[in-house]
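Taken from TrEMBL as is:
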BINDING   His29, Arg68, Tyr133  substrate binding site
DOMAIN    21-135  domain 'Transthyretin/hydroxyisourate hydrolase'
Amino acid sequence: MSVASSRLETVKDHLKPTMSAHKSPITCHVLIASLGTPGQNIDVKIEKLDQSGAFATLSTSQTNSDGRCPTLLPEGYKAEKGIYRVTFETKAFFSKIGQECFYPYVQIVFELANPEQHYHIPLLISPYSYTTYRGS
């Protein structure tokens, strides 16, 4: 197999749907900026602010080999307007690779204003910094 054919097969594999046809209305992607690699096997929790003012856990998950959580929300969950919080367990990840980190976890709180839209949360982390934005 030629190098070009091998690369094409790799790209095709990345484009294949996940085992589950379920497409979460909220997804995330973690990249380790200091290493230039995906954030693999990072524990992630998503919560929604309830009427009492407390966050209620909707689901826990873990990033895959590409640093993504394609099924962050439970299958069948219908997104609703509201305030959500996603927590990434960064200290556990950096400990596994033998690095100290300043932030034991990263919490991103955001408002889901339109349940018909897809909300993607990229997180770029290093042991002493992080950044995020609304992705597409």
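Glycine too: its Cβ is placed from the backbone N, Cα and C atoms.
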Helix, strand or coil for Arg68 (substrate binding site)? Use DSSP.
strand
Could you break down the residues of the domain 'Transthyretin/hydroxyisourate hydrolase' (21-135) into DSSP helix, strand and coil, giving a count for each?
7 helix, 52 strand, 56 coil
Any further residue of that chain within 8 Å (Cβ to the Cβ centroid of His29, Arg68, Tyr133) of the recorded substrate site
Thr27, Cys28, Val30, Leu31, Gly67, His120, Ile121, Pro122, Leu123, Gly135
